[in-house]
Amino acid sequence: MGIRYEDFLDTAYEPKESDLVCSFYLEPADGISWNGAASRVASESSNGTWAELDVEGSVEDLSATACAIDEESGQVTVAYPDALFEPGSMPQILSCIAGNIMGMKAVDRIRLLDCKWPKKLVESFPGPQYGSAIRTEILDAGERPATATVPKPKVGLNTQQHATVGYEAWTGGIDLLKDDENLTDQSFNPFEDRLIESLAQRDAAEDETGEKKSYLLNVTASGNEMLERVDMAAEHGCEFVMVDVVTTGWGAVQQVRERCERHGLAIHAHRAMHAAFDRIPTHGVSMRVIAQIARLCGVDHIHTGTAGLGKLANEDTRGINEWLQSDCHGLTDVLPVASGGLHAGLMDQLLTELGTTIAVQAGGGIHGHPDGTHAGAVAFRRATDAAARGESVENAASDCPELARALEKWGTETPR
Ligand SMILES: O=C(COP(=O)(O)O)[C@H](O)[C@H](O)COP(=O)(O)O
Ligand SMILES: [Mg+2]
């Protein structure tokens, strides 16, 4: 039989329950019709090419179908048969649905907007171990947002300074100390020393406050090194690892997830570099899909932005968070992390927008407090608790001088 790209279009096709259904935004190139663009996308992302092929066998079972085109919104739906995919392999899936098509000349722009994941494919992934339950299973946060801080400057503190910042923040009321995305194992703050010193301070802070504390240790590295760092985290009694999931790559994230299961470690996903894929709204892969991928691969936390309140550009934080907490064939949920330019004065608005099933993370908004890290942590925690109870942050400042100072400094400013 002959296979031509035109054969990948059938607007009468009703996706099957077992299909992976993807929505794309498209801008066909000059001289290419909507039908031509949509069919080429379905072809190139499954088993077609530009030339007509003569093959025998069941290749049609592996062909995707462009089954809906809405020229007005630019949206095209493509349904992929599940046999096209290797179960449990996120790299293979992405090489289909977000692979060559991102650079096809037949489309000027193409963005993978959303996926409807079928049960069998979802069940081939582990999903998160804890998700939002980390608030009670690892921390003592109950129903309130978990609070986290990343020492600033993001690199350059030595190990002792880093651990001391941790102690100050933990004893000020913060639940989680977090490494920054570009802090791994550098000479000024080596990985294992930092792990040991930080956990010693964590233990001291737990004794002092009577609250559970934990450390989001950045294990990002290449190959076996990353797995060895996961093992080290577990051996020293850490409950979390942090991975820069986009720069590391999904195959490696899957390996980390497997290793973490062995140790019962939770995974905090930092998404540095996501904006290379999702910032231009007409091209790339949406943050919504990146978050879906992360959930399937099994991270427990992922950064999803600040609903526009912080320093970084965000896409639909609220919608993404809702997806992360909605049912997806029984997968555990993910605790979304709001971060990037947050401070105490923004907590009212943030929690009104995003609710309390989140983690809130502040770096500059804690360590830039006029009276230092400890006061910054007290202010941030007090503001978070107040906002979570529906009390205004301003009102809470009346009996918390640290919070009053933070509000004096930053008010409700949105940093840039
Ligand atoms: O260092 C920070 C925040 O520091 P600060 O609080 O000083 O801005 C982070 O890397 C952001 O969390 C990333 O943003 P996002 O959450 O959007 O991925
Ligand atoms: Mg950072």
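Cβ coordinates come from backbone N, Cα and C, glycine included.
When TrEMBL records LYS154, HIS303, SER339, GLY340, GLY341, GLN361, ALA362, GLY363, GLY364 as binding substrate, the matching candidate from ARG194, ARG271, ARG279, ARG389 it lists for that site is ARG271.
Sequence-distant neighbours of GLY363 (substrate binding site) (same chain, six or more apart, CB under 8 Å from its CB) are THR149, VAL150, PRO151, LYS152, LYS154, ASP180, SER339, listed in sequence order. Taking all protein chains in view, 28 other C-beta atoms sit within 10 angstroms of the C-beta of LYS178 (N6-carboxylysine). Cβ neighbours within 10 Å of GLY340 (substrate binding site), excluding its own Cβ and spanning all shown chains: 20.
The recorded positions shown are LYS178, HIS303, GLY340, GLN361; of these, the one with its CA atom nearest the CA of HIS270 (active site, proton acceptor) is HIS303.
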